[in-house]
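*Asks:* Okay, these came from TrEMBL:
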- Asp80: active site, proton acceptor (ACT_SITE)
- Gly9, Asn10, Ile11, Gly12, Ala13, Gly14, Lys15, Ser16, Thr17, Arg138, Ile139, Ser140, Leu141, Arg142: ATP binding site (BINDING)
- Glu33, Tyr45, Gln56, Arg81, Asp86, Glu147: substrate binding site (BINDING)
- 5-200: domain 'Deoxynucleoside kinase' (DOMAIN)
Amino acid sequence: MKQYIAIAGNIGAGKSTLVEKICDELSWTPYYEPVTENPYLKDFYKDMNKWAYHSQLFFLSDRMVLHKELQEQSGYVVQDRSIYEDAEIFARDLFRQNLISKRDFETYWRIYTIAVSLLQPPDLLVYLKASVPALEKRISLRGREYESSIPKAYLDQLNHLYNEWINNYSHSPQLILNVDDYDILNNGKDLSLVIKKIKDQLQGGQKELFN
């Protein structure tokens, strides 16, 4: 039977690392974030007010295509970042910053809610909860130049949005992992604990916080 697991979390929470480690360990199939070039992204960085809506709508459509592809796969699939985060975190953040108008956001949200109603939810959503200092440390360690200038305030703002979202998430069972205290990259014991928790949750259960 196919099982679909989505890994959610802020920038630097360790989503891609966890997806890679789980799939290597269990021979499951990874699905990473879409790599299609967003044709609006360069314009967005030049004029955010003008292009935020177009850019987010493209990201959403890309995520819908990926979601459709993975739900047609057999076996176990693990997704790096869910379709929910595009809307609930990043589009909502732009709306709160007044970079997307109320009218455009309502149109975006209508498309998003229709998409969610038509797509299969994950069998388990794993949320990687991390403090801002932990996020900053991970971002620094992985050394991606384009992430080096991310403000602490932005990470904090996204964390608040993630907490709002996960507290109201109801599409599927969820597992919340407080990743400040676990090193799945270098500590095999920590990785084994996390994998066991995920496998246990797939057997049943609605919501669990793992500290």
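The first residue you see is number 1, and the count goes up from there.
Cβ atoms are placed via backbone N, Cα and C, with glycine included.
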*Asks:* Taking only the residues the record lists as binding ATP, namely Gly9, Asn10, Ile11, Gly12, Ala13, Gly14, Lys15, Ser16, Thr17, Arg138, Ile139, Ser140, Leu141, Arg142, what is the largest Cα to Cα distance between any two of them, in Å to the nearest whole number?
*Replies:* 17
*Asks:* Among Lys15, Arg81, all listed as binding-site residues, which has the most CB atoms within 10 Å of its CB?
*Replies:* Lys15
*Asks:* Rank the binding-site residues Thr17, Gln56 by the number of other Cβ atoms within 10 Å of each Cβ and report the first-ranked residue.
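*Replies:* Compared across Thr17, Gln56, the most Cβ atoms within 10 Å surround Gln56.
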*Asks:* Just to be sure I understand: of Tyr45, Gln56, Asp80, which recorded positions have a C-alpha no more than 10 angstroms from the C-alpha of Lys15 (ATP binding site)?
*Replies:* Asp80
*Asks:* I need the nearest neighbour of Glu33 (substrate binding site) among the recorded positions Gly9, Ile11, Thr17, Asp80, Ile139, using C-alpha distances.
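*Replies:* Among Gly9, Ile11, Thr17, Asp80, Ile139, Asp80.
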*Asks:* Going by DSSP, is Gln56 (substrate binding site) part of a helix, a strand, or coil?
*Replies:* helix
*Asks:* Around the Cβ of Leu141 (ATP binding site), how many other Cβ atoms lie within 10 Å? Please give the count over every shown protein chain.
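*Replies:* By my count, 9.
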*Asks:* Taking the Cα atoms as reference points, how far is Gln56 (substrate binding site) from Ile11 (ATP binding site) in Å?
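*Replies:* Cα-Cα, rounded: 17 Å.
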*Asks:* Where Ala13 (ATP binding site) and Arg81 (substrate binding site) are concerned, what is their Cα separation in Å, rounded?
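*Replies:* Arg81 (substrate binding site) has its Cα 11 Å from the Cα of Ala13 (ATP binding site).
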